[in-house]
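J.: According to TrEMBL, the protein carries these features:
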DOMAIN    312-439  domain 'Guanylate cyclase'
DOMAIN    868-1036  domain 'Guanylate cyclase'
TRANSMEM  55-78  transmembrane segment
TRANSMEM  84-106  transmembrane segment
TRANSMEM  118-142  transmembrane segment
TRANSMEM  148-166  transmembrane segment
TRANSMEM  173-194  transmembrane segment
TRANSMEM  214-235  transmembrane segment
TRANSMEM  588-608  transmembrane segment
TRANSMEM  614-638  transmembrane segment
TRANSMEM  672-695  transmembrane segment
TRANSMEM  722-742  transmembrane segment
TRANSMEM  754-772  transmembrane segment
């Protein structure tokens, strides 16, 4: 069941019938984690990491085993009155320590162990049995040589060592080794029962004692197997999280690079950085609904225009371009244009010239724009000559009749971005217009330059011819009297780019961008060296021994994380981080409860056997403890059992009672307080059971029995009270269990463990001192109470060392998960920003299709049967800074109006060139074919226009010509005229800018078949081509201010929508001759004139002019 739903579900809702949700728990199933590693081809890398982890366990084990063995020797030498027997013990323990550390040291040779992994298992088995045989040999020697029955010293320690520290990769192998060790110890005890008549031996190794030891070892083996399984689960989960983290980091690194390349393809760095920051800030907002640059929802009005005083402007035009767009298929046209413009892009990059944009057949760029360059004129001319050489290569290769006409002029310009949607870098100024005129009046195959540009060149490097007569006659050029020249390359000059078609720029690889980023990150791939390197840096904890053969580079990042953890309790120094960690759900909690139940059963059995007489109250307490443990087990495992039973029927609903149990378990699983409560309840149950062992003992009777047995030399009942070593082993089991629960504060577990040791110390030395004093010891002449307390202290230190290592790795994994979440969030932001940037280059519906095409190394192109294209030019604009401020405000209002249309994918802005606004309607028919009747549009005329489209769809038989796009486009054009009218009125109120309020708009619209595609190398550019585009441009250029001029076909379509179109006459159009054109009927109130002389009732459009020239906002 989902955590969020659990926390927020109303009380009554929790107890209704429900479905079983086991998704989160499945992620913590060891079988799932193993399958995931295999699916991602990570098993080999996981084994390498696991070997490093096991080596880190050895770095903890070495100090521990030295501390335990040396510590016991110190205790024996300190508290033993007769030292003669300790020498032999010193030899046994010293030899054991040397052999164990020597054998296990082989595993520190990581490369060797990786090649021969059996070495770890063999050295572990040998080390375990060295300690076992030394321990048993020491006890057997004193029994047979000195007739002194001793208890073994290291049986519990060996079991903990096998499961928690030895480098045995297989859980089964570790379990078999530990079980075999347990069997060896049990057989050792049994042999005394069979072959010995010694009363003390039977007291130490009696049959009942053997059965107690059996359950004692059973409890420790269960605890060890649990540790192994849970450790494998956590380690695999940590490893997979690390893999995900690395993939996210690599993806993010690549995505940021692509983001930078994309942004640089739209805008220069000095303007791109604030826009990039603005994009990410808006994405990070909690109430973010931001998707496009300059969303109309924002009140900000961003304009960045800079003055560049010493640059060279190059304009290039493809001769016979109209022929290309009207005769070639869309696929061939896109290939030709991509080949051509990609060559130009690469050449521009080679000559350090910044491409501004290309407009169909026109390609223009600037040298010396990004960084000051004294050779900007020669760079621009060199690029022009290279472009001519390139187009000659394409002309020969593709058998096309095309050429280049190029104009270059040096001077000053304004550069920047205007508007809100489809932000595009552009240039303005008188010198920009001169460069454009030099191109249009130039001669194909030559670079047409001004005298100012020629003066900055080395004339010896070029063939120089006089300028064209067209330039001398051009009225606009005559306003700036100048000499012009035609330049050609000397014979040794060429394109410098080699032969063959230009492919996609290798730097621009957007295959990982898009909505399927997460699936791409998580899918199985071949491991790169970068991934292997990152895996080798995964933190493993332990002590950092700098062996000469295992040197590693310092990982400062992980060392910093380690410094964030406390030394003794491994708590985050950041209290809020520690709090968050503890309040994470514990999905392996049910396994801890299962182990706790098993340990509880072992303790109950040991307590039962350990008491001679079990009175009624003791039985009640045992039953209560068992029922409490069993109830907790049922609550925690009921959900998993139901999941096991319903795997084939995942949609099975459960009763109210079952849902209540599910909910109760989830509350425990997700609640830190409830988990601690359950933990303390289980520890309390253990001590309730153990207390029965103590309170059922009659000390006075025991002392009397001891005295009488010594006086009268008879065998006393060893169970007249309790067996001290059974009590010690019970405390050791409880202490081990106290450290086993996850997501319980390590400091609390350490406090509980220390409290248990202190409690046992009080029992041994004060409450039941006589009983422990008369029990067996582990070394001749060593006081038994010291031997008992030494075992508990050894267990405490061992469990602390084990749990500290586990806690360290778990918290490192948690910190890694937090970093992963940050990476994922950052990656999502970067992914969204790339999508936004792509939406700024391409139409919305094209982005995903383009990414798929790019991933397949294909050129993206489309062919449309019916699209309406509009060119709208603002006239009477002087290209100075005040006029650009006004132009920016007007274009911004146009863009805001566009969102009312674009919201339903109806009208798409293509580009803004100078003062010309280009848009198209019908680029995605699938989304406008069936407009939603209940849709509410932001524009009044848009609402009316959609109503007309709907009524026409219902009243006529549809032929799927989609000719409504002409009506929508014309309605948008009319709204542009209204917007401009409002802007002019707003500026007319400002007396100091009254001259700026006289701007007018000239609009041309044409409808028909077009082609679209993405071309360019490092700077992808979306454009449309075709007769409809050419005719729309001609309709604008030959039109009149204050009018919308359309072709005959468009006029006939508009008549069907009850819009009057007035015949203008025959108009000369370049490339077509004289053709009939029409003006759309518009009255003085800027409303359509009905073809039935009934005007449509429409509300005026509300315009919010963002700023006046002083920067104050108008409402």
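Every residue, even glycine, has its Cβ placed from backbone N, Cα and C.
In terms of burial and nearby residues, how do these features look in this structure?
T.: Over the domain 'Guanylate cyclase' (868-1036) the predicted model carries a mean pLDDT of 75.
If you look at the transmembrane segment (84-106), the same-chain residues 6 or more away from its ends with a CB under 8 A from one of its CBs are 58, 61-62, 65-66, 69-70, 72-73, 76-77, 112-113, 119, 123-124, 126-127, 130-131, 134-135, 137-138, 141-142, 146, 166-167, 779-781.
Through the fold, the transmembrane segment (118-142) approaches residues 51, 54, 85, 88-89, 92-93, 95-96, 99-100, 103-104, 106-107, 112, 148, 150-155, 157-158, 161-162, 166-170, 173, 177, 181, 184-185, 188, 778, 780 of its own chain, all at least 6 residues removed from its boundaries and within a Cβ separation under 8 Å.
Among residues of the same chain six or more beyond the transmembrane segment (148-166), those with a C-beta under 8 A of the stretch's C-beta atoms are 54, 57-58, 60-61, 64-65, 68, 72, 104, 124, 127-128, 131-132, 134-136, 138-139, 142, 174, 177-178, 181-182, 185, 188, 192, 198, 200-201, 203-205, 217, 220-221, 223-225, 227-228, 725, 729, 732, 736, 776-780, 787, 791, 794-795, 798-799, 802.
Within its own chain, the transmembrane segment (214-235) is flanked in space by residues 28-30, 33, 49-50, 53, 155-156, 159-160, 162-164, 171, 174-175, 178-179, 182, 185-186, 588, 591-592, 594-595, 598-599, 602-603, 605-606, 726, 729-730, 732-733, 736-737, 740, 742, 802, 806, 809-810, 813, which lie at least six positions past its ends and keep a Cβ under 8 Å from the stretch.
Beyond the transmembrane segment (614-638), the same-chain residues lying 6 or more positions past its ends with a Cβ under 8 Å from any Cβ of the stretch are 589-590, 593-594, 596-597, 600-601, 604, 607-608, 658, 661-662, 664-665, 668, 678, 681-682, 685-686, 688-689, 692, 696.
With a cut-off of 8 Å between Cβ atoms, the residues of this chain six or more beyond the transmembrane segment (722-742) that come close are 151, 156, 160, 204, 208-209, 212-213, 216, 219-220, 223, 226-227, 230, 586, 588-589, 592, 595-596, 599, 602-603, 606-607, 609-611, 675, 679, 682-683, 686-687, 690, 693-694, 696-697, 749, 752-753, 756-757, 760, 763, 768, 771-772, 775-776, 784, 788, 791-792, 795-796, 799-800, 802-803, 810.
If one looks beyond the transmembrane segment (754-772) by at least 6 residues along the same chain, the residues whose Cβ comes under 8 Å of a Cβ in the stretch are 694, 697, 699, 702-703, 706, 721-722, 724, 727-728, 731, 734-735, 738, 784-785, 788-789, 792-793, 796.
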J.: So if I exclude everything within five residues of the ends of the transmembrane segment (672-695), which remaining residues of that chain have a CB under 8 angstroms from its CBs? That is, six or more out.
T.: 582-583, 586, 589, 593, 596, 599-600, 603-604, 606-607, 610-611, 618, 621-622, 624-625, 628-629, 632, 722, 726-727, 730-731, 734, 737-738, 741, 743-744, 748, 752, 763, 767-768
J.: Checking distant contacts: for the transmembrane segment (588-608), what same-chain residues at least six beyond its ends satisfy Cβ-Cβ under 8 A?
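T.: Cβ under 8 Å, 6 or more out: 28, 212, 215-216, 218-219, 222-223, 226, 229-230, 233-234, 614, 622, 625-626, 629-630, 632-633, 636-637, 640, 665, 668-669, 675, 678, 682, 685-686, 689-690, 692-693, 726, 729-730, 733-734, 737, 740-743.
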J.: Per DSSP, what is the helix/strand/coil residue tally across the domain 'Guanylate cyclase' (312-439)?
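T.: With helix first, then strand, then coil, the domain 'Guanylate cyclase' (312-439) has 61 helix, 39 strand, 28 coil.
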